[in-house]
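S.K.: Got a structure for you, written out below as structure tokens; questions coming shortly.
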């Protein structure tokens, strides 16, 4: 009975983490791209005067963080214009002409495809950022960025189309005369209970499932927003029609919450996991946020959210921009003033959300007694090497690159060394997780029969949903 309260605390915190990473694309990213382009244009003028007294990082035309910001901005703009060639109305009528059973199968396939394409989407973006910012000995090596860039553009475009088909299918279900399709699609959530409740789960597996549920719930909220925008546009923004959609929206949200509660309640019951584990999960997410805000952070906050939860904001942002620009027509000076005020409001919401999240995260980290790990990060030891030596080597080869604007989103690249150093990447195998955030090692003087029934204590901080490439780039 404690599960609903503890689970919803985790979900509430996680959804606001996703919202913060999502708002970053609309608010701070355009400003950072503008500042990066301003530096790109003006820095050569300063460079003509003198290079004396400048460090190697200051002589660089663009900092690694600014290179990644420009790449994100260019990908967004290109994919936005590519989405104009996708006809939403034709897609809507094409899906509406299908039978109910076909749509049910299509919706299931779309959910599976969304999870699969998200699993390697962050890897594609990581590869692009790393290739664009790594030290290159020859100028010809810069050509390698081009294929990675086209792969990233293709991925964001295809993922945006996939989410658009999901939103269109949901829109057809909302507008169907009988609500049988909507009921069938909501019953698909209950299939999750059958597929997951009767399986064996450990703490780290439950943590990954919780992160996936957070991402899925936030994505569903954005899809419902897109459906409401499209319907309100068709009814000339009549406020009365919003109340017609309101019961269906509440029904979809309520079914999602009920399924998550039932699923997690029975999983924790059958696997003998206490409800306190959700506070540990929340502390781990808070630790990610606090550690990414440090000066010597190894990863950007939005990228850490992407890897931890599988939430990639770029495709969803492209689709939302496409739907908003096609649904809302801006005409006249007053309309542009409203757009500017709305943008300022988004920036205020982003800053306020970030401040509150950072304060709550510091509170959760202190409650879990994890402050020591912020200053003494634990790395997985390779055979024959001590953890302390690895930590010093890791810090010497990597560091955050802070530009003059105070941005600390991207790490500087490792220095090429002649000595062959062993790999320092933290592996994500389930047998390498240590204790829960505030646990201490206990004596292993137990019977073998007890050890079989006692799951190994694992460190939730080292669980990585995708690659660990983020330790090198951001």
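Note that Cβ sites are derived from N, Cα and C of the backbone, with glycine treated the same way.
Those TrEMBL annotations? Automatic predictions, nothing curated.
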S.K.: Name the residue range among 282-307, 334-359, 360-385 that TrEMBL annotates as transmembrane segment.
M.R.: 334-359
S.K.: Examine the ranges 103-123, 124-144, 145-165 and name the one recorded by TrEMBL as transmembrane segment.
M.R.: 145-165
S.K.: Cβ under 8 Å to the transmembrane segment (145-165), counting only same-chain residues 6 or more beyond its ends: which ones?
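M.R.: Same-chain residues near the transmembrane segment (145-165) but 6 or more away: 71, 75-76, 78-79, 82-83, 86, 88, 91, 95, 106, 110, 113-114, 117-118, 121, 124-125, 127-128, 131-132, 219, 223, 312, 314-316, 318-319, 322.
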S.K.: Given a Cβ distance threshold of under 8 angstroms, which distant residues of the chain, six or more beyond its ends, lie next to the transmembrane segment (334-359)?
M.R.: 16-17, 19-20, 23-24, 26-28, 289-290, 293
S.K.: In the same chain, who gets a Cβ under 8 Å from the transmembrane segment (12-41) while lying at least 6 residues past its ends?
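M.R.: That would be 61-62, 65-67, 69-70, 72-73, 76, 210-211, 214-215, 217-218, 221-222, 282, 285-286, 289, 301-302, 305-306, 309, 311, 313-314, 316-317, 343, 346-347, 349-350, 353-354, 356-357, 360, 403, 405, 407.
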